[in-house]
């Protein structure tokens, strides 16, 4: 699960046999402590055997002897040979002399691996060292006929020809270059811009290339390697190394490389150091010296060495000085000492513990700090005791040493207990730090038993398991998926974090004072001094002693105080220890067990059961642990949801044609798109048509049905009213005339009895004979009314909802078009040029990157409160010194320690003073756990396009800015700018744990306590730290020496708890957010204008292409709103065989094919996508056109897992069947109205004619 295996893993559980085992004889149990000691002895022997095997030189003579030894043998003659042979024989028979063996032993070089051997072979003639003062300061290499050397590397190239070349400087790339002579060009490297992710080779082994960055394991490569090349498997140079920076367990390299166009590109990580071999100088007594070669070391002059380290504590070469001071020159180096041996400069101490077995006490195992910020369940403690050292200060694994009233004692680490709610498993310890794995609890206790006395110390601290990912599990799973996390390193490597040390102050030790008879005796420990202060009968005594001395003036132990003095050991700068008088010599040592990037196994929640509906998705969830469900719409408004689900639940969501995404726990995101489908049949009966359109367009369908119902109702009502009025108008004259006969037609129409009157034919005959113009007008009135009503109904109701787009074609070889900015959607078009055959163009964007220009404002992380040991002055006053550290607070407290009581044991009562100082610094794990605040500016867009022009194809990267062209085969392509200047990033963004957040952070220097940005630094390693944490010092109690304070909680920790989901889950338009560099990919927004400049050579004359004499198009199958769900078959007769471009000038259909092969006679199958129910489009084949039309059916699947590659600006049209039913309905209503109008007209004509006749 974790990248660091525990030092002593627990044994696996034995297999359980389901059958009963036979009874075994009883044996007495062994003592568990004896078994532990045996195991410790076995481990020690195994480690010793392993080290001896590893350090043993290889057997037999060396493969090749040095030239110096060979020349000495020739000069020495036969006598020397005899002596050497005799010496060899004696060495075989007798045991070797250990002193001589150690003195003559040379460090055996490890045999280089295959990668190193290959690089060394290639470097031999093509890489040249740059010498400075007799040392290799860097390297120069010859690549592609040019000499490259880093500009920051001073010195002369170790080649007379190359050293004489006059170089040109490129300060932007930190390089100097020159053309090499012609006779040397055959031996130069070749370079390449191809850099697939994987491993490459250089002088020190393998180099990993990932996400545009070259990294090597930490410790591989150092100063002096600047200018070395990185090679691929074919021996081509992919990059030149300039420097590096440590990033946890790996080192990121600063390199110069080449892009696809052969242009030099430089990549430099933050806080990168140049790797020229520049000697760092340190200072001692106003004399400078190389930090790696100090004049003194700790084993010979410990006090002077600590003073030297204190003077150079802020020097950039402090680490080199510390390593050299610990390892004296000529001293034998053991592999265990190389791990972490600098803590021999320190000693353990006793400090106040707030909760021992019975209240507070002065404990040898006081707990200073506890941290458990990793995702692996481990806890790192800092205590007053030390680990890995014995009582004498020598390295000894699995051992704890502690201070017991001035005497340093040791105890095996397995006898130390650590527990929270249950016992913890101690992994290892180094210096003041202990690494353990503990169960959850609200406090942590450490204890051990020595000489029947149990020592313990407890501190309140909530220990809990911190899960990583989107599932809140409480224990690491056995199976799952690997995810990036932060774990505590199980080693003591230098990872850039320090803990502050200083010389211990004068500690009162009452055990040194005893009463012998009637006088006081002070006995200092062996090898140390003691400061004695007494006040006996008005006589004050103050002197330093290094052996036992009696003071006859004093008769009581309370009259004297004895202080232990030691200036050859450091202690941790704890607030529980008093500060030494005068200028305190400070230092710093490395902190082990820091957080590092690793891989953790996280659980996978059971897959949700998905049920698809019409534009909806139902998720049935069964989480084992509390699991987050995150959803968003892939449109302009994401409408994201973020819900923690702990119990089985069902959630329903709406899915649109633009897409919907959900993330369940630690599963990868899943996306779904809705299709233009619905129940019913758009080509069926009226109720099926209504059902279909009601589900697709509910509001429009309801509105249309309401209008139709209103028209029918009005029509029926109007017809009825007209009929009644006509009947009344017809019958009224006859009712008023006695014995009048009603004509037969009126009697039938008006349901009246017939009466004698002039008939219709008689009236028409009268008009024909007397007024023929009126006769024709009377006949044309009903026909005119019918025509007018029909036209009005068609204008009102028959609105065609189609959008027609112009085809993308250009009459010349300069062609401009626009394609959607959506990855994976192919865009096909043709170029029509007079006299030439159509030229097909196909463009498919495979990836679209939007990279903003960002500026790092500051870095913030969890803070650590540093406290100086309090300065205590008895019988006197003090003042605060000027403060210069971040958020530093200083305060003087008077009257803190009563007379001869309390932590200071002062002789005065109220004149005693204490100066308390506290300040803020970055936490030890800030390098691994921090957030970066950026300001984002104008974004650049890169499109990775697969372009086909005619029969020529290329995969290229285009900057979508409207200015940068791409050329291939004579075609010049310019893309952009984007139609929509849009970006998912706000002006202020925060990067944390590989994810990006839009967050309005405070400006640099304006942080508030308890909020994001309470501490700010320009970079992780810079010293310009700003802090505002509301740090307030409190008055100390007299019982113990300490520095109490209050402080606001960490704003960074609070932000981590309260932060919303990152842009990875909330960005609009389905953007995919990545880091290194910060970018958004595949945002489906806007369109990309394209301009083509096509040479004449790519066009084909019309005479050389086929011509269709007859063509007929039939739609075999058609599913609208589906991914190329239409199949068209074109039967044709061509003039000759050949290849023709196909295209649809309108936007009704999108073709899958850009060209088809034609024979003299046959058929061609073409796939297309459309959003119309009744598509009708003109298909261009070469220079001929053929019309395709037919009916399309809705898709069967409601939800699909990929977007639809058709023109999504179209919506499905109303089917012809629906229009037929609609016009029939409206036509029926119109017939009633027309009949009523005709009747009214006939009646009016008849009445008027009859009145005129009478």
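Heads up, the Cβ atoms here are built off N, Cα and C, so glycines get one too.
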Labelled region 'Binding to the viral RNA' by Swiss-Prot, one stretch among 91-127, 128-164. Can you tell me which? 91-127
Using Swiss-Prot as the reference, determine which range in 733-753, 796-816, 817-837, 838-858 is annotated transmembrane segment. 796-816
Swiss-Prot feature region 'E1 fusion peptide loop', matched against 896-913, 914-931, 932-949, maps to 896-913
702-722, 870-890, 954-974 - the range that Swiss-Prot marks as transmembrane segment: 702-722
Compile a sequence-ordered list of residues in the same chain as residue 127 (phosphothreonine), six or more apart from it, whose Cβ lies below 8 A from its Cβ; state 'none' when nothing qualifies. 139, 140, 141, 142, 227, 228, 229
Rounded to the nearest angstrom, how far is the Cα of residue 233 (site 'Involved in dimerization of the capsid protein') from the Cα of residue 200 (site 'Involved in dimerization of the capsid protein')? 7
Confidence summary for the topological domain 'Extracellular' (276-701), mean pLDDT rounded: 88
Taking each of 233, 378, 427, 487, 489 in turn, which of these recorded sites have a Cα lying within 10 angstroms of the Cα of residue 596 (site 'Interaction with host receptor LDLRAD3')? 487, 489
Of 233, 378, 427, i.e. the recorded sites, those within 10 Å of residue 487 (site 'Interaction with host receptor LDLRAD3') when Cα atoms are compared: 378
Of the recorded sites listed as 233, 378, 427, the one whose CA lies nearest the CA of residue 490 (site 'Interaction with host receptor LDLRAD3'): 427
